[in-house]
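J.: Structure in structure tokens, see below.
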Amino acid sequence: MAPQLPLEVASAPKLDDDGHPQRTGNLWTCVAHIITAVIGCGVLALSWSVAQLGWVAGPIAMVCFAFVTYISAFLLSHCYRSPGSEKMQRNYSYMDAVRVHLGRKHTWLCGLLQYLNLYGIGIAYTITTATCMRAIKRANCYHSEGRDAPCDSNGEHFYMLLFGAAQLLLSFIPNFHKMAWLSVVAAIMSFAYSTIGLGLGLAKTIGDGTVKGNIAGVPMATPMQKVWRVAQAIGDIAFAYPYTIVLLEIQDTLRSPPPESETMQKGNVIAVLATTFFYLCVGCFGYSAFGNAAPGNLLTGFGFYEPYWLIDFANACIVLHLLGGYQMFSQQIFTFADRCFAASFPNSAFVNRSYSVKILPWRRGGGGGAGRYEVNLQRVCFRTVYVASTTGLALVFPYFNEVLGVLGALVFWPLAIYLPVEMYCVQRRISPWTPRWAALQAFSVVCFVVGTFAFVGSVEGVIRKRLG
């Protein structure tokens with residue numbers, strides 16, 4: 001044990017009203033956390049989404065989703081404290097808030113959708129990483145052999161397996177998801193590739209001297225095909241925006257006074273405005289550069305050939321971002337699974353016993369001895385099956401835009417709209433059939449219709465590509 005300082009020497013850390021070390025977050029750390037949480041690989045599909053919707057509906061759809069995201073965040077930020085007083089219980093996570101306000105059944109629904117979403121993100125990240133690694137190979141081929149060279153070699157399956165193998169190894173690094181540098185690297189990488197995509201779209205538009213695209217977007221052979229494409233585009237936009245799952249965790253970092261909800265609401269306004277401006281620039285400049293030929297993934301569809309090194313760098317940034325991002329999301333499932341198995345099988349050696357394995361003869365802290373790793377058989381089996389299943393589904397359904405659309409539409413209404421609306425009504429004690437209650441329910445119903453439309457269209461897209 002580490003030596004203890006005498007009580008009269010040790011200085012007690014300052015604590016908040018819940019016994020937690022004093023929170024130090026402010027408005028600008030709040031904004032930074034939100035933007036980091038929102039901007040990810042979904043931004044690369046926005047040009048394609050605008051192309052399906054056209055010059056009018058595309059930007060309007062992004063602005064509408066920004067407004068919906070702000071309303072959702074506004075409602076949820078009031079649910080950090082229960083039942084409403086700044087001195088009452090804190091809800092440290094989204095699921096905590098659901099349990100306190102809505103009860104056990106809604107908590108199960110919330111948990112199911114959250115973990116299903118995290119699992120789906122693992123599949124999407126596997127697809128995206130393989131696409132980017134293949135794009136690096138193709139960019140180098142086009143640069144050395146010419147743009148007419150046969151560089152469209154198949155290789156995504158190999159890269160998916162390679163990514164899966166890497167994730168299997170990373171899954172066994174203790175507390176990998178808690179490494180401080182991981183979030184910093186993810187933030188830098190996401191801003192890097194998003195900014196490069198924006199810059200390349202702007203440069204191509206200026207270089208061509210014309211703005212491509214039209215009012216109605218990409219023409220399709222039949223009206224029904226156009227309807228499905230619009231639904232997929234809406235699903236992709238839905239994937240890019242909401243951050244409700246992490247909002248309360250961000251709010252839990254803020255110091256008080258002023259009240260956390262007040263700081264969070266200001267942060268929501270700034271972050272949503274900044275993100276919407278950035279998204280509009282990426283989506284619209286990409287569409288103006290390529291018109292109806294806008295690729296599904298702005299950096300891998302090869303509308304850009306040069307500078308090839310910049311395209312390589314941008315795709316490498318995506319790969320690095322997703323390597324860490326996969327673990328940040330998956331470790332939440334691993335932790336949940338470990339707790340469930342331990343609670344269900346408290347006397348099982350398979351679940352609870354760990355075996356010490358010598359791995360490397362390094363020295364720690366100047367002392368001797370070999371490095372050892374604690375191996376738990378349940379963790380080995382569960383994490384291996386988990387990574388293998390996400391990789392296997394990515395191999396079967398390697399469709400970037402459609403998979404993003406399914407994920408975005410699946411969680412959009414229940415997690416971003418329905419649960420925040422219901423919690424806010426309980427929090428503020430809003431009586432049924434009052435004007436305020438009716439307005440919130442109407443908002444929820446409209447979003448349900450939009451989310452269902454996007455989900456059905458995205459599922460249709462996955463099925464059609466798989467069968468076609």
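The count begins at 1 with the first shown residue.
Glycine residues also receive a Cβ, built from the backbone N, Cα and C atoms like all the rest.
A TrEMBL annotation is a machine prediction, not a hand-curated record.
Keep in mind that this is a model prediction, so the values were computed, not measured.
Okay, these came from TrEMBL:
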DOMAIN    24-463  domain 'Amino acid transporter transmembrane'
TRANSMEM  25-46  transmembrane segment
TRANSMEM  53-76  transmembrane segment
TRANSMEM  116-136  transmembrane segment
TRANSMEM  157-174  transmembrane segment
TRANSMEM  180-203  transmembrane segment
TRANSMEM  269-288  transmembrane segment
TRANSMEM  308-329  transmembrane segment
TRANSMEM  406-426  transmembrane segment
TRANSMEM  438-459  transmembrane segment
J.: For the transmembrane segment (157-174), could you work out the same-chain residues 6 or more beyond its ends whose Cβ comes under 8 Å from its Cβ atoms?
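T.: Residues packing against the transmembrane segment (157-174) from afar: 126-127, 129-130, 133-134, 323, 326-327, 330-331, 334, 373-374, 379-380, 383-384, 386-388, 390-391, 394-395, 398.
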J.: Do we see three or more Cβ pairs under 8 Å linking the transmembrane segment (406-426) and the transmembrane segment (53-76), pairs being at least 6 apart in sequence?
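T.: When sequence-distant Cβ pairs are counted, the transmembrane segment (53-76) touches the transmembrane segment (406-426), since at least 3 lie under 8 Å.
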J.: Test the contact criterion for the transmembrane segment (308-329) and the transmembrane segment (53-76): 3 or more CB pairs under 8 Å, pairs 6 or more apart in sequence, then answer yes or no.
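T.: Answer no: the transmembrane segment (308-329) and the transmembrane segment (53-76) share fewer than 3 Cβ pairs below 8 Å.
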